[in-house]
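According to TrEMBL:
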- Asp482, Asn509, Gly511: Mg(2+) binding site (BINDING)
- 45-147: domain 'Thiamine pyrophosphate enzyme N-terminal TPP-binding' (DOMAIN)
- 241-356: domain 'Thiamine pyrophosphate enzyme central' (DOMAIN)
- 452-575: domain 'Thiamine pyrophosphate enzyme TPP-binding' (DOMAIN)
- 1-24: region 'Disordered' (REGION)
Amino acid sequence: METSIGSVDAAKPAPNGMVGSPPSSTAHPITPCLPAAAIPSECTLGGHVARRLVQVGVRDFFGVPGDFNLTLLDHLIAEPGLNYVGCCNELNAGYAADGYARAHGVGACVVTFTVGGLSVLNAIAGAYSENLPLICIAGGPNSSDFGTSRILHHTIGLPDFSQELRCFQTVTCIQAVVNNLEDAHELVDTAISTALKESKPVYISISCNLPGIPHPTFTPEPVPFSLSPRVSNKMGLEAAVEATVAFLNKAVKPVMVGGPKIRVAKAGDAFVELANASGYAVAVMPSAKGLVPETHPRFIGTYWGAVSTAFCSEIVESSDAYIFAGPIFNDYSSVGYSLLLKKEKAIIVEPDRVVVANGPAFGCVLMKDFLRELAKRLKKNTTAYENYQRIFVPDGQPLEAAPKEPIRVNILFKHIQKMLSGDTAVIAETGDSWFNCQKLKLPDGCGYEFQMQYGSIGWSVGATLGYAQAAKDKRVIACIGDGSFQVTAQDVSTMIRFGQNPIIFPINNGGYTIEVEIHDGPYNVIKNWNYTAFVEALHNGEGKCWTAKVFCEEDLKEAIETATGPKKGCLCFIEVIAHKDDTSKELLEWGSRVAAANSRPPNPQ
């Protein structure tokens, strides 16, 4: 019997020398270089951590000071290659490290014990869900307090210091509690290397009295950080390619769909190689937008079930074979488990595993190796793309606005589309911005990020801060709803403080619009703010900031001209006043289907 994918019943790579890219040289053992009596003062734990962060590519780290991490911060900021970005709260510091990791390959944040650690926890969970290498360092209690019955501040009042650790165990891939110097070197290096190898967040706790103490395991110039490159099992790779070629070459109209795990697999180039060689129509899942070039000659849009780009789902779901590279099928990406896909027709390519047509599975096969080998073997087949061309009708244009007519959201995004270039990047907040930004056509080089798996509202403020700090060659355009903005608004002040120039479009429609379309209630209405006045208060005459409030298309055009012209060096905050019921048609459809999935009755007991 056929089994549906996503149904209710179915239970960028960096070149060598850059972030997260294993050097071509082999790893060397690290040994003590000096007798204890001759250890220079710079051979300290704090200095070692700082140099390791620089070696893996971290240039900026985000944090909030607290008494347990102050000495560590002293050593980190003393490292010439590191820049400290102080945030308004730990949650935003974590979101900023998330955004930084997306643009740069690895991010880092530093917080204090428990009150800071538990505050940043939500951001770390989001980074885990998105497969981002993020190094979270917490300043911990004095090493002499471990094993005693003392009760410390910043705890819940019990003589047990493990609460923070236990919380992080579920949202990080490895945890290191450094409370003595003998094994500190090994614990720190293992944690940092694991973050890069697993592409997941890690947690490092460092006792507050240890960062400044010299130890013979810390060398003035530690052996360069090196990771052994991962390789595919040759026999498994050959077998996987053989089975896939046999399956796809007999298909009539196969297609390719890119998924979000292309990022963690560092397989973007390999995916394009396969697209070029195969001739297949190419689509992306919504959370993979920006990972596949939308200027590819056979790109057909976003595959998102019932809310796909026009004509995309019809081509994908009517195909007799589809190859999904790095997919995530959850209730959001499957639009309430309503995708019309069959496992029997699918090749599922995970970062290190391939499953062919719900049949044989091949492990220890890296995605990028598999896609490249497959590109050499597949017959060219352009049938699906030719079908797409036959049924394709160009997008319609929003109705022209009457003079001084209250602005519509589709008019806003028509103008945002015109702003995009290879020198811009889009950050889309959880909410209707998901759906409106999905319809943007990205030019070559234009960045694009959003957090679909975790979907934490407010993520985009910190992520904009982190992304802009990492990608100084791009101007970030952030689209965020008013409800989300209220969660994390403070760190717009940090963007101003550090001279960033994003263009932020807060869409003021009076509530949690995405929640309204799933299940409405009085709790979805929020207190209205004077958002531009709020940002002016954060600006307070220090730094470069410009704000505008727009009510109609004429206001918007004037604001965009100013933001991209005389104020292009400023943070530009353009508040858009929209009707509370002005939503995309995709959100209306998606919301009703997610609501139906959420409200399914319990299974019989």
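Cβ atoms are placed via backbone N, Cα and C, with glycine included.
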Listed in sequence order, residues not in Asp482, Asn509, Gly511 with Cβ within 8 Å of the centre of the Mg(2+) site Cβ atoms: Gly481, Gly483, Ile507, Asn508, Gly510, Tyr512, Thr513, Ile526, Ala578, Lys580
Within the domain 'Thiamine pyrophosphate enzyme central' (241-356), residues counted as helix, strand or coil by DSSP: 38 helix, 32 strand, 46 coil
Tally of DSSP helical, extended and coil residues in the domain 'Thiamine pyrophosphate enzyme N-terminal TPP-binding' (45-147): 50 helix, 21 strand, 32 coil
Cβ neighbour count (within 10 Å, all chains shown) around Asn509 (Mg(2+) binding site): 23
Mean per-residue pLDDT computed across the domain 'Thiamine pyrophosphate enzyme N-terminal TPP-binding' (45-147): 96
Nonlocal neighbours by CB distance (under 8 Å) for Asp482 (Mg(2+) binding site), same chain, sequence gap 6 or more: Pro506, Ile507, Asn508, Asn509, Gly510, Gly511, Ile526, Asn528, Trp529, Tyr531
